[in-house]
Amino acid sequence: AVREVRKYSSKEIGTDAKVQPNMFDHLHMKLFRAQRNLYISGFAVFLWLVMKRLITLINQLAAVSGTTAALQTQADNANKAVEKYMKDNEQLKKILMEGVGDKATAEGMELLRKEAEKLKDELKSSGDALKKSQSEADGMKKQMEGLGREYERLLKEHQELQ
């Protein structure tokens, strides 16, 4: 299309114009068609680029949404485990306090203490996992919001261009 625009825009009507009176109109018609084809092909390339970027953004947004849902379920499960361990810890404390008044054996007390320590360690590791999951979920939410803003910006830019 560029070649044809150059071809028809550089031609000048010479002495042949007297021989063919419609040559001037014919030349301008061909120039108009060449320019039209150039603009159409340019817009098609631009539209292809915009569509490709839009598809990429939508795919990224879908991936982030899936990851966020998985992280949310993981955080919920960790929260339930932490609550369970806290209840078990409270029960062990009650048993330990009752054992002091009943003069329980030293072995039973030591066993309960070891189990309490084990549950405290599990509680701490579950709490750490929960914090990590929540921070990852927050990061994913921020990334998803950024992608959403970028999508909106590109959509507005695309609408302004039309």
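Numbers here mean position along the shown chain, with the first residue as 1.
Keep in mind that glycine also has a Cβ here, set from the backbone N, Cα and C atoms.
What you see is a predicted model, and the numbers here were worked out from it, not measured in a lab.
Listed features, source TrEMBL:
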{"type": "DOMAIN", "residues": "1-68", "note": "domain 'BAP29/BAP31 transmembrane'"}
{"type": "TRANSMEM", "residues": "38-55", "note": "transmembrane segment"}
{"type": "DOMAIN", "residues": "114-162", "note": "domain 'Bap31/Bap29 cytoplasmic coiled-coil'"}
{"type": "REGION", "residues": "123-162", "note": "region 'Disordered'"}
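Outside the region 'Disordered' (123-162), and at least 6 residues removed from its termini, the chain residues within Cβ reach (under 8 Å) are 46, 50, 53-54, 57-58, 60-61, 64-65, 67-68, 71-72, 74-75, 78-79, 81-82, 85-86, 89. Across the domain 'Bap31/Bap29 cytoplasmic coiled-coil' (114-162), the model assigns an average pLDDT of 90. For the region 'Disordered' (123-162), the number of residues in each DSSP class (helix H, G, I; strand E, B; coil) is 39 helix, 0 strand, 1 coil. With helix defined as DSSP H, G or I and strand as E or B, the domain 'BAP29/BAP31 transmembrane' (1-68) counts 57 helix, 0 strand, 11 coil.
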